[in-house]
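What TrEMBL records for A:7-404 is domain 'Ammonium transporter AmtB-like'. Annotation source TrEMBL lists transmembrane segment at A:6-27, A:39-59, A:92-114, A:126-147, A:167-186, A:198-218, A:230-248, A:255-275, A:281-301, A:313-336, A:356-377.
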Amino acid sequence: MDTGNTAFVLLSAALVMLMTPGLAFFYGGMVRVKSVLNMLMMSFICLAVVTVLWVLYGFSMTFSTDAFGGLVGDLDWYGMRDIGVAELWDGYTIPVTVFAAFQLMFAIITPALISGAVADRTKFTAWALFVAFWVTLVYFPVAHWVWAADGWLFEKGVIDFAGGTAVHINAGIAALALVLVIGKRVGFKRDPMRPHNLPLVMIGAGLLWFGWFGFNAGSWLAADGVTGRALINTQIATAAAMLGWLFLEKIRDGHLTTLGAASGAVAGLVAITPACGALSPLGSIALGLVAGAVCAWAVGLKYRLGYDDSLDVVGVHLVGGVIGSLAPGLLATGHVQSDAKGLFYGGGFDQLGKQLIGVGAVLGYSFVVTYILGTVIHKTIGFRVSEDDEVAGIDRVEHAETGYDFAALGGSTRPTAGIGTATGAGAAAPADTKVDA
Amino acid sequence: MKLITAVIKPHRLDDVKNALQAFGVHGLTVTEASGYGRQRGHTEVYRGAEYQVDLVPKVRIEVLADDEDAEELLEVLVKAARTGKIGDGKAWIVPVDSVVRVRTGERGPEAL
């Protein structure tokens, strides 16, 4: 065991955990005021549901010995019961428990990413159920393909440093499938649906950016030079993508927007994720500029094609994920994480071909399974709240709360019998006091 | 008695309040409002999608006055609120049948 590596991965696990609340704020600020709590909760519930499933069977499905053709792990480690405190796998310098904790955070944020596409309109129980089934049927197997030593994409030599395919393409295409199943928000393209709190979006983007250093650099599972390159590439591509997005906005719309800066940064983080261990710093600038500008253009597609990807999960995560996942095929230098070279570095089409296989496999599998899963939930318990409830506001209907107290609303409290009153009486008598105003 | 109502730009409120105080007005009511007149709203852009925002923030001021003071008070108010640019707002006077001071029950001009 290497204590330096172990310490860094432990801290990285905590950093990646923080990304899910960060994502919740990023999305929460972008919805209308009547949906902010539901949006936050759609991410937070993933922290709860996925953690429990990860312990029960998720870690085993993802990283236990391959059960079938590199497609999924077996269930020998259900309950994570036979993992020793300091147990090490061959070739690993950190304990299995630490690796499991780090990887858990990836499994949590991936379904949370999908939630932005279906904002304002899903029944919360249906969403929670979807998360449970989706990680089981889609995320755990795909993560096994990409990151388990005997996963089929890993064995093929597909480069995915920190989750361009398993996390971002996976969530992005699932978002598209789910939107096609459940349909548009009431008033899509007609009512103004502008973000209700851009400062919240900026806080979320900042937390995501911060946590992403754990996401990317931590994925090397060590604290060394490659880790350092992954970390600085993450910073570089994110900065360049913000510039790319803003540049396109300035030309097209005439303004440099706050939302554009935040979105560009996230697009850059997404794009550099699979490539941060393969590129040079200059290559990272190129990737970031392209990803920022292309994603800024791609978020407009939903209006032209007519699908209501509410917060642009497809435009940012799917498009950014594909660009980033193909990047090693073009820009891998052969000097960082491995000696595989991209097309522009004299490696020919070999690595690009492998990357295309990885991208295509995840696109196809995730879309089909998500579409079926979404349809089953939609046809049985129903995925959407009623139209009246959606218009009234999902926070009040699904959670019996509102995000902001804009003005004292009047009314009175009705303590539940037995709570808060010694006598257990229903309504407490109004306080008999006079105040001179 | 008359009720003077004005819908003006929010940043003119302090000047209007000071001018009315100097004129001798003892109290007024201010409400945050939104609306538009000839200037219409403005355009905002979010991820390339343009939104026409029709209603812009305004404040609505209400002041009660004696019949003989009303026109002069209106002039003072309008002068203080004016910037000369489009969107300065509107002000108007309507007659009031009766006024009661809630604390004492006084009626009519004594209640002002």
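Note: Cβ is positioned from N, Cα and C throughout, glycine not excepted.
By the count of Cβ pairs under 8 Å, the stretch nearest in packing to the transmembrane segment (A:167-186) among A:39-59, A:92-114, A:255-275, A:313-336, A:356-377 is A:313-336.
For the domain 'Ammonium transporter AmtB-like' (A:7-404), the model's average pLDDT works out to 96. Of the two recorded stretches, the transmembrane segment (A:313-336) lies close to the transmembrane segment (A:255-275), with three or more CB pairs under 8 Å once pairs fewer than 6 apart in sequence are set aside. Taking Cβ pairs closer than 8 Å, the transmembrane segment (A:356-377) reaches residues 126, 129-130, 133-134, 137-138, 141-142, 145-146, 153, 156, 158, 160, 165-166, 169-170, 173-174, 176-178, 180-182, 322, 325-326, 329, 383 in its own chain, all 6 or more past its ends.
Long-range contacts of the transmembrane segment (A:126-147) within the same chain: residues 42, 45-46, 49-50, 53, 57-58, 61-63, 66, 70-73, 103, 106-107, 110-111, 114-115, 118, 153-154, 158, 160, 163, 165-166, 170, 174, 178, 358, 361-362, 365-366, 369-370, 373-374, 377, 381-384, each at least 6 residues beyond the stretch ends and with a Cβ under 8 Å from a Cβ of the stretch.
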